[in-house]
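Engineer: Under the heading domain 'Nucleoside diphosphate kinase-like', TrEMBL lists 2-137. Annotation source TrEMBL lists ATP binding site at 10, 58, 86, 92, 103, 117. Among the features that TrEMBL reports, active site, pros-phosphohistidine intermediate is placed at 120.
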Ligand code: UDP
């Protein structure tokens, strides 16, 4: 099924110069990038994006991490892209993510409390619609 998802290159991906490599992986897979922009996330936007994590112990570090610098926000489109993009990203913890995945290949040891893992992808079709509306209002 052709789906849309919200994809993001997080501040560490941008500052470490990985934009090109990550976009190349998206294009190699054959996904279409329907929209793309560079944004400086605010704590207000992040509270809506990460609503399910507000109040958790790692949340302040997550906001600190996600406001370190600009991110690349994208709308991707393709067959089964929601789960397919998450497979290409790899699992949350970059030290455990499989080789061949973005997080597995480019991820580093955690620095501080936040898990710096380079990329984001919506975890369901419903979350994708919510996040696309939020970031591309
Ligand atoms: N995160 C964190 N500490 C944790 C769990 C998550 O810093 O213990 C961060 C990490 O950057 C992660 C984001 O919060 O990517 C969202 O967490 P989620 O469990 O939704 O992981 P994802 O879907 O990004 O793999």
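Glycine too: its Cβ is placed from the backbone N, Cα and C atoms.
What TrEMBL says about a protein is an automatic prediction, not a curated fact.
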Engineer: Rounded to the nearest angstrom, how far is the Cα of the residue listed as 'active site, pros-phosphohistidine intermediate' from the Cα of residue 92 (ATP binding site)?
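Structural biologist: The separation of the Cα atoms works out to 9 Å.
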Engineer: Could you round the CA separation between residue 120 (active site, pros-phosphohistidine intermediate) and residue 103 (ATP binding site) to a whole angstrom and send it over?
Structural biologist: 10
Engineer: Around the residue listed as 'active site, pros-phosphohistidine intermediate', how many other C-beta atoms are within 10 angstroms of its C-beta?
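Structural biologist: If we count other Cβ atoms within 10 Å of the residue listed as 'active site, pros-phosphohistidine intermediate', we arrive at 23.
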Engineer: Tell me the residue counts in helix, strand and coil for the domain 'Nucleoside diphosphate kinase-like' (2-137), as DSSP assigns them.
Structural biologist: 59 helix, 28 strand, 49 coil
Engineer: Using a 10 Å cut-off, grab the number of neighbouring Cβ atoms around the Cβ of residue 10 (ATP binding site), all chains included.
Structural biologist: 21
Engineer: Which residue, out of the binding-site residues 92, 117, shows the minimum number of other Cβ atoms inside 10 Å of its Cβ in this structure?
Structural biologist: 92
Engineer: Which binding-site residues of 86, 92, 103 contact ligand 1 in the sense of C-beta under 6 Å?
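Structural biologist: By the Cβ criterion, which requires under 6 Å to ligand 1, the hits are 92.
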Engineer: Please work out the number of neighbouring Cβ atoms within 10 Å of the Cβ of residue 103 (ATP binding site), leaving out its own Cβ.
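Structural biologist: By my count, 23.
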